[in-house]
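Colleague: Annotated ATP binding site per TrEMBL: Gly182, Gln183, Thr184, Gly185, Thr186, Gly187, Lys188, Thr189, in sequence order. The coiled coil annotation in TrEMBL covers 440-474. The feature compositional bias 'Polar residues' is assigned by TrEMBL to 21-32, 525-534. The compositional bias 'Basic residues' annotation in TrEMBL covers 515-524. According to TrEMBL, the feature domain 'Kinesin motor' maps to 104-429. Per TrEMBL, the feature region 'Disordered' maps to 1-39, 512-541, 582-608.
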Amino acid sequence: MFISTEEKQIPLPSEKAMESLKSSPMGSNQDSLDGFSPVSEFHDSPSIPVICTDVNVVPEQEKHELEQSILNLEGEVARLRLKGKSLAEKRREALNKILDIKGSVRVFCRVRPMLLTDKKRIHEPISAGSEKIAVKLAGTRKEFEFDKVFQQETSQEDVFAEVEPILKSALDGHNVCVFAYGQTGTGKTFTMDGTDEKPGILPRALNELFHQASFDNSYSLSFSMSMLEVYMGHVRDLLAPKPLYRAYEALTRCNLNIQTDSKGSVEIEGLTDVPIPDIAKARWWYTKGRRVRSTAWTNVNEASSRSHCLTRITIYRRGDALEAKAPISKLWMVDLGGSERLLKTGATGLTLDEGRAINLSLSALGDVIAALRKRKAHVPYRNSKLTQLLKDSLGDHSKVLMLVHVSPCETDVAETICSLSFAKRARGIESNRELPEELKRQREKKIMLLEEDIREAEEECQKVRNQIHKAEILLSENKGLFSTTYGLLEEEAKIPISPKIDLKEAIGIPQTTKKNIKRNRSKSQPRFMTSTAASRERHSAVEKDIVGRARSFRSVTRSSNQFSPSQSLSYSEPRFRAILQSSSRKSRYAETKTLPGDSPKCNGSDLKVDSLPRNKIVTSSDPNLRVTICRHRRRMSDLI
Ligand SMILES: Nc1ncnc2c1ncn2[C@@H]1O[C@H](COP(=O)(O)OP(=O)(O)OP(=O)(O)O)[C@@H](O)[C@H]1O
């Protein structure tokens with residue numbers, strides 16, 4: 001018999017048996033085949049030596065080849081994983097280059113659309129382009145430039161599309177901060193949280209993180225979440241369990257200490273950090289945190305716009321080399337307090353203090369970002385709680401994205417100019433020092449090429465992931481096949497007489513007593529087909545030898561990380577052969593499922609096989625197995 005693979009036709013040992021059978025005096029006669037049992041053990045009759053050799057050695061070859069196929073599939077999975085890792089590295093490098101060109105601090109501006117509640121506009125105070133925004137005030141025109149300007153009609157999807165690369169940086173191990181800054185009512189919360197119909201950056205980012213984690217083959221990514229609020233210079237844990245009775249505990253939870261360890265990593269003492277194993281849990285905790293914030297605001301008469309709300313996602317990974325999960329990065333998403341009160345309010349008392357606190361922290365944040373953008377040696381982190389909290393996420397190797405929100409209303413123009421000036425300062429580029437057009441064009445071209453590289457790497461990565469998935473399915477099926485078939489064979493070796501019968505029991509054939517089995521077996525086979533003590537001994541010696549060699553082969557193969565190209569391609573051959581042989585073996589087992597008194601025979605379909613084109617031959621008489629073989633073949637061809 002033959003099976004066709006992509007590369008060539010492989011003669012299977014059992015085919016030799018069939019051919020030998022035909023050429024033998026017995027094989028030339030159809031009737032004489034009735035006495036031939038494919039499950040025969042060794043038989044010592046010198047008149048039909050070929051049959052004896054084949055039917056006894058084939059199972060060992062099948063076993064060896066199936067084992068080889070498993071090893072090759074394992075090697076293939078390892079090779080594909082390595083390929084995936086190197087593609088991911090390529091993508092990471094390209095993304096890093098883009099972010100380096102664009103700068104580790106990026107500032108976007110979003111103009112809120114007109115609302116029904118807004119006063120009717122008389123003049124258009126704001127005109128926005130893709131990177132520039134101009135504001136008219138009392139006959140003067142001020143122009144501001146940003147990395148990106150989102151006009152009034154920009155959708156949440158489009159905003160998120162620009163934010164997404166920075167999330168990938170977080171997954172790549174960079175600490176990341178995304179800030180929403182602006183006057184109250186300009187859409188900070190809309191951008192960060194959004195609505196159910198139009199989700200904002202935070203829910204989309206959570207989705208994206210879990211989506212990316214589900215793709216990650218080389219590392220097992222996991223996440224945890226914390227939420228806190230900075231109000232009047234105090235740090236409050238938004239996810240802490242309710243401190244119902246202990247006033248002291250409640251107080252300390254409202255004023256957490258910030259520590260920096262020897263490596264410069266920021267620790268917030270006692271801050272609740274909840275694991276988020278899936279998106280549903282993540283959303284649940286996020287909603288809880290938001291609700292606590294709102295409640296607190298109502299209870300203590302504290303406006304959301306007068307505190308900063310920070311959500312921290314810590315990203316962990318457990319890699320091949322890492323036993324314990326280790327945090328790799330922090331992703332901060334910050335809805336900053338509204339800035340207008342700082343300018344407008346002539347408040348006294350608590351309101352004045354709140355205004356001062358916000359004023360101080362926002363200006364401290366502006367100073368830090370400007371220092372980072374200008375790559376100054378000294379960065380003034382210590383000037384506010386907000387910047388202390390974010391110290392390790394605003395420095396070297398971190399990425400910062402500031403989204404400045406402005407109102408389109410004429411009545412808010414003064415506030416708008418203040419916000420845009422803050423953003424310009426954070427951006428650290430004075431108008432008169434803008435890049436020349438030619439340099440800009442070159443940068444854009446380079447970015448486009450790098451983006452193309454990223455796209456290609458991602459597409460390739462996706463293909464590799466699919467291949468890994470398919471190879472893993474095949475591997476687990478092969479392992480299952482191996483353990484069902486040969487696990488039982490090893491068991492059967494312990495029973496000296498009639499070893500095949502236990503296999504029948506194990507594969508679900510109605511049980512019969514050993515006595516019956518012996519009788520049936522002796523009835524079902526001519527005496528010359530049954531194994532002798534000597535042949536059994538020889539069989540077991542051969543088996544031991546093959547198993548020993550397979551094991552030593554396995555250890556050699558496993559020690560090697562990479563398979564040669566020929567191995568990676570040719571694994572399909574033994575794999576098919578093994579499956580086919582296993583199936584033919586199973587079909588032979590099926591034939592042993594004879595009722596007492598029945599004699600096993602080569603049925604007509606078995607004989608027809610030879611008249612079929614060789615590449616169409618499927619040896620199994622078991623329809624389930626035929627399906628399995630076809631499925632395996634399809635998957636293997638998908639893989640290549
Ligand atoms: N891009 C937008 N598209 C549609 N509606 C928007 C947009 N931006 C803001 N809004 C609407 O404007 C109103 C104020 O927005 P939002 O509450 O997000 O402002 P804010 O800056 O967070 O205010 P605060 O500082 O008080 O929290 C909301 O009703 C919101 O739905």
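Keep in mind that glycine also has a Cβ here, set from the backbone N, Cα and C atoms.
Can you tell me where each of these features sits in this structure?
Modeller: If you take every residue in the domain 'Kinesin motor' (104-429) and average the pLDDT, you get 82.
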Colleague: Looking only at Cβ atoms, how many others are within 10 Å of the one on Gly187 (ATP binding site)?
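Modeller: So the number of other Cβ atoms within 10 Å of Gly187 (ATP binding site) is 22.
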Colleague: Going by DSSP, is Gly182 (ATP binding site) part of a helix, a strand, or coil?
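Modeller: Going by the DSSP assignment, Gly182 (ATP binding site) falls within a strand, counted as strand.
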Colleague: Do you know which of the binding-site residues Gln183, Thr184, Thr189 has the most other C-beta atoms within 10 angstroms of its C-beta?
Modeller: Gln183
Colleague: What number of additional C-beta atoms lies within 10 angstroms of the C-beta atom of Gly185 (ATP binding site)?
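Modeller: For Gly185 (ATP binding site), the count of other Cβ atoms within 10 Å is 20.
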Colleague: Let me know the DSSP-derived helix, strand or coil state of Thr189 (ATP binding site), please.
Modeller: helix
Colleague: Within 10 angstroms of the C-beta of Gly182 (ATP binding site), what count of other C-beta atoms is obtained when all protein chains are considered?
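Modeller: If we count other Cβ atoms within 10 Å of Gly182 (ATP binding site), we arrive at 30.
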Colleague: Let me know how many other Cβ atoms fall within 10 Å of the Cβ of Lys188 (ATP binding site).
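Modeller: Lys188 (ATP binding site) is surrounded by 29 other Cβ atoms within 10 Å.
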Colleague: Counting only residues 6+ apart in the same chain, whose Cβ is under 8 Å from the Cβ of Thr186 (ATP binding site)?
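Modeller: The answer is Arg112, His405, Val406, Ser407, Asp412, Ser419.
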